[in-house]
Amino acid sequence: MTTRILGVVQLDQRRLTDDLAVLAKSNFSSEYSDFACGRWEFCMLRNQSGKQEEQRVVVHETPALATPLGQSLPYLNELLDNHFDRDSIRYARIIRISENACIIPHRDYLELEGKFIRVHLVLDTNEKCSNTEENNIFHMGRGEIWFLDASLPHSAGCFSPTPRLHLVVDIEGTRSLEEVAINVEQPSARNATVDTRKEWTDETLESVLGFSEIISEANYREIVAILAKLHFFHKVHCVDMYGWLKEICRRRGEPALIEKANSLERFYLIDRAAGEVMTY
């Protein structure tokens, strides 16, 4: 697994609580909601223009500017300036995942002419929140800074009533990982990759493929969401959902559904145009 922890920050809970109270009253964007199964949303703290309405991520070469919301969060700004090279920051966002929501397994940067170094600083989480990369599952702990290899297939999910909050920072892509996180403590010896998922069996697979009996345009999105979440609970590769979906649609025999399944895999894993949105 190329994703790894870079260090730990001792969070000031009082000051963090003050900033989170401001965020709780703020408007979160639904941009990129086509990547979500359930409620996944974000708000920009820093971006290319400093304008709150700039929501899409593009490759640029100038230090990110604070948005009005970002300027109103003194502690989060301090975390950004103290633990990252501010001249290398291109975007900073708060990403919130709510109960029983996940990101559909995907690869980032497919629509960009370049890529960033993406890091997560965990602000609030619990044991029912997980990240995945390919066939691995892991838990990012509170106060930890992680490098996420977003070019590989990955996902994230929250299966708790309490939302998960991460400060996600995109760093200029030519920096070395050793330069990304600064003024941090060494991580603890805890094992972040303990895998308690169930074994995958032929019987389970046939149960999943049984969706071919009922799949239709009316329930297609709901079935995609179920398939996207299975790898959080069973020992399978996160992209296996696309093979299952294509086989379900093939067994159903409806050309429109087969085309939708192929388009879904293409968009999330293979190729997508700048500004392209997936509707399904």
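Quick reminder: no glycine exception, Cβ is built from N, Cα and C everywhere.
Counting only same-chain residues six or more apart in sequence, the Cβ atoms lying under 8 angstroms from the Cβ of Asp108 (Fe cation binding site) belong to Lys115, Arg118, Ala150, Ser151. The Fe cation binding site annotation in Swiss-Prot covers His106, Asp108, His154 and rests on similarity to another entry.
Per Swiss-Prot, the feature 2-oxoglutarate binding site maps to Arg164; the stated evidence is sequence analysis. All chains included, 26 other C-beta atoms sit within 10 angstroms of the C-beta of Arg164 (2-oxoglutarate binding site). Taken residue by residue with DSSP, Arg164 (2-oxoglutarate binding site) is part of a strand.
In three-state terms derived from DSSP, Asp108 (Fe cation binding site) belongs to neither a helical nor a strand segment and is classed as coil. The two recorded residues, Arg164 (2-oxoglutarate binding site) and His154 (Fe cation binding site), have Cα atoms 17 Å apart. Sequence-distant contacts (6 or more apart, same chain, Cβ under 8 Å) of His154 (Fe cation binding site) comprise Thr3, Ile103, Pro105, His106, Arg107, Asn131, Thr132, Glu133, Glu134, Leu148, Cys238.
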